[in-house]
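J.: The structure follows.
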Amino acid sequence: MNTMSHKFVLALDEGTTSARAILFDSDLNIVNIGQYEFPQHYPQPGYVEHDPEEIWEAQMLAVKKAISKIDAKQIVAIGITNQRETTVLWDAKSGKPVYNAIVWQDRRTSPITDWLKANYFKMIKDKTGLVPDPYFSASKIKWILDNVPNVREKAERGEIKFGTLDTYLIWRLTNGKAHVTDYSNASRTMLFNINKLECDREILELLKIPESILPEVKPSSEIYGYSEALGNLIPISGDAGDQQAALFGQVAFNVGEIKATYGTGSFILMNIGNNPIRSENLLTTIAWGLEKNKATYALEGSIFITGAAVQWFRDGLRAIDVSDEIEPLASNVEDNGGVYFVPAFVGLGAPYWDPYARGLIIGITRGTTKAHIARAILESMAYQTRDVIEVMQKESGISINSLKVDGGAAKDNLLMQFQADILGIKVIRPKVMETTSMGVAMLAGLGVGLWNSLEELRSIWKVDKEFIPSMSEEKRRALYSGWKEAVKRAMGWAKVVGGQV
């Protein structure tokens, strides 16, 4: 094709294990993809770090590959999406990181967040929508300020910058001209008041974090600065955390629209509109903001183990050689044969929040085969998704009529049909499964006027397949009741047998 007349949007997707760059055309078709892995660093048990320089190098290699077939002058916008919460502090003058990036999985700051949980839980949940946990950026920033020599002193002199990885990449791409983040990423720091849409001074003072190190918080779609890294100036005009970008990429623009991303674990986000809803069992987060001082909010539920259970079936039990074999194996049986699998390898996430739960296979008889267990593993993903969606409906009072899906397991037709059956609602799989990158490409294109409205984006978005529920209500109720019983037996198990959390 003659690409010279085409306009393209470049999405940078900075993940936990690799940096990707995906080039989209103006009809949101994928033109090319670049992907490079970068090393994980584990200096001590519970510590997980990345070298920001290695991330930058991997990201630039990915960009080079993605744009190799076009002229960079045809790129009208760049959007950035990222692993959320991961924290970098760097020297404002030299641009050099003062310490490795502390990754969202890192647990070293548990003593800090245990103290916050014991003394300030309600205040933090009310203001930020989050629960005190090492997962979020605030305690990671405090740890670096307290433990890396001279950093606190430099921070107090205004010589240190903080950012999640979107902020760091924008800083690098603009040669230090822009120190910004968007509402969605700011809402994952545990320093941002999601009601007032500003950094919270009370929490900053509590953790002794100087406000001067924080980036300016802007809408998710506007020009933040211009990239100087590709030979010509290109506007950087979209920014969103990965899960929020996926919600946008699923065109979930209306209240009650919901998406599930099936990865190693799963993330379920629901658009709840312009007012934050307080939730007992879920996180309240900012989905995006398309204009200043106005945000769209989401409820978020995270499931710790979904796709990782298939990896365990493959590597731990050696029951299959490759992950793709699980669907045909599970298809060999009509149903689960009464077998339930609760994948509580590291406890249970939303809505149970039980770190003492442990994995369980129950209902085994002499007639149970490998295929029944394979089916039970797939079904556990659907049951856990229903667990979260039921809480979302109950706590929001919003009726959910369909579920949009993406991620690796969404390609599995057997699982997606069962997901529709056990929920009793339609499940919709999009044509383009790279919803995270597509979401931030949409935001970037909106920011420069390549697309003019959410309606225009919705009209471009395409469905691959819809799964319509065909199970009777009686069977649905019986199967889900069995799942709830199995979960009850898995909960608290590590306490019973004295296992480690």
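Each residue, glycine too, has its Cβ placed from N, Cα and C.
Dumping what Swiss-Prot says about this protein:
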| type | residues | note |
| --- | --- | --- |
| BINDING | Thr16, Arg20, Thr264, Gly307, Gly408 | ADP binding site |
| BINDING | Thr16, Arg84, Glu85, Tyr135, Asp242 | sn-glycerol 3-phosphate binding site |
| BINDING | Thr16, Thr17, Ser18, Thr264, Gly307, Gln311, Gly408 | ATP binding site |
| BINDING | Arg84, Glu85, Tyr135, Asp242, Gln243 | glycerol binding site |
J.: Taking 8 Å from the centroid of the Cβ atoms of Arg84, Glu85, Tyr135, Asp242, Gln243 as the cut-off, which other residues in that chain fall inside it around the glycerol site?
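T.: My list of surrounding residues reads Gln83, Thr86, Trp104, Arg188, Gly241.
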J.: Using a 10 Å radius around each Cβ and counting other Cβ atoms from all shown chains, which of the binding-site residues Thr16, Thr17, Gln243, Thr264 yields the largest count?
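T.: Within the set of binding-site residues, the most crowded position is Gln243.
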J.: Which secondary structure state does DSSP assign to Gln243 (glycerol binding site), in the simple three-class scheme?
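T.: SS state of Gln243 (glycerol binding site) = helix.
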J.: For Gln243 (glycerol binding site), which of these binding-site residues sit within 10 Å, Cα to Cα: Arg20, Arg84, Gln311?
T.: Arg84
J.: Under 8 Å between C-beta atoms and at least six apart in sequence, can you list the same-chain neighbours of Arg20 (ADP binding site), or say none if there are none?
T.: Leu12, Asp13, Glu14, Ile33, Gly34, Gln35, Ala62, Ser437
J.: About how far apart, in whole Å, are the alpha carbons (Cα) of Arg84 (sn-glycerol 3-phosphate binding site) and Thr17 (ATP binding site)?
T.: 13
J.: Given the binding-site residues Ser18, Gln311, which one is most crowded in terms of C-beta atoms within 10 angstroms?
T.: Ser18
J.: If we check Cα distances from Gly408 (ADP binding site), which of the binding-site residues Thr17, Tyr135, Asp242, Gln311 wins as closest?
T.: Gln311
